[in-house]
Each structure stands twice: as structure tokens, then as C-alpha cells.
Amino acid sequence: MKSNHMQVEAICNGYVIDHIPSGQGVKILRLFSLTDTKQRVTVGFNLPSHDGTTKDLIKVENTEITKSQANQLALLAPNATVNIIENFKVTDKHSLALPKEVENVFPCPNSNCITHGEPVISSFTIKMIKGNIGLKCKYCEKTFSKEIVTAQV
């Protein structure tokens, strides 16, 4: 039995991150510090998706997603979409693209890396390795899987 009833309330203005893999929504909330915002944030976990799987969803009112946030989001949820909402209507829809690099977001997992002892910001080059996302540290030059780098988020 299919229902067209919305399971997560509509927002007037802001953005919606849709098609987040189940379980990644919490990481995105932490990464974007959405638990600290004064704006209304509506979250849905394990919602049914059209393909029969489940997904997470995040709606943020009266806020715009930044390019930096979109790049970070592409690492955690590369197949997610970002919908821009104005006056309760979707005015723009963006698919995500992996950035070439990401800076000052994730710590280097290598405990011997200079980023842990010197006043430098972390910096990773993004690479696809055998169909998986890899992040190469600018300083120690070690490459890590996306899962290892984002595990502490």
C-alpha cells in the first residue's frame, strides 16, 4: 500500500539533503554542526526510498548550503541530492560531485603526520582507486579510504 503522505514536514525556505545513505545522516549533522544552529532542522532516518531501500534526509530552514559543505557532503553521501527550497517549492536541485581536494575538515588518520604536531591545516587530495574514494594526505603522502578518514566525524 503506497502513501503520498509526507513523513517529514515541508520547509518554507532553506535546503534539503535527500538520498543520504541510511546511517550517514548523523555524521552529516555533526560535520555541519547542525545540532548547534538556531534554525529549525528536521531529520528523517531510515525513511523508505523509491527503490525499496531506506535513506536519511535532512531539512535545514533559512540557511544556504556552502560550496565547502557540498564538497564535504560529496565524500559522505556521493549520491545525495541537495534541493534548494523557496516559498515551499524546490527552485533548484543539485547532484554532488567529488571535490579535487578537501582542507581543514578531517584530521589525518596517520598519528605520525605533521598535522598532529604543527600548526598546519589538514589537506587531502581526492582520488578514485579501483572504484573507491581515497584521500591522500598532502603532508605525509599516505592514502586512506574514505571510511577511515571520515570515521571520526
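Just so you know, glycine gets a Cβ as well, placed from its N, Cα and C.
What Swiss-Prot says about this one:
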| type | residues | note |
| --- | --- | --- |
| BINDING | C108, C113, C137, C140 | Zn(2+) binding site |
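Report note: the Zn(2+) site is defined by C108, C113, C137, C140, and the residues of the same chain whose CB lies within 8 Å of the CB centroid of those residues, excluding them, are P109, N110, N112, I114, T115, S122, K138, Y139, E141, K142.
Sequence-distant neighbours of C113 (Zn(2+) binding site) (same chain, 6+ apart, CB under 8 A from its CB) are C137, Y139, C140, K142. Under 8 Å, Cβ to Cβ, and six or more positions away along its own chain, C108 (Zn(2+) binding site) finds T115, H116, S122, F124, C137, Y139, C140, K142, F144, V149. A sphere of 10 angstroms centred on the C-beta of C137 (Zn(2+) binding site) encloses 22 other C-beta atoms. Using a 10 Å radius centred on the Cβ of C140 (Zn(2+) binding site) and all shown protein chains, the other Cβ atoms total 17.
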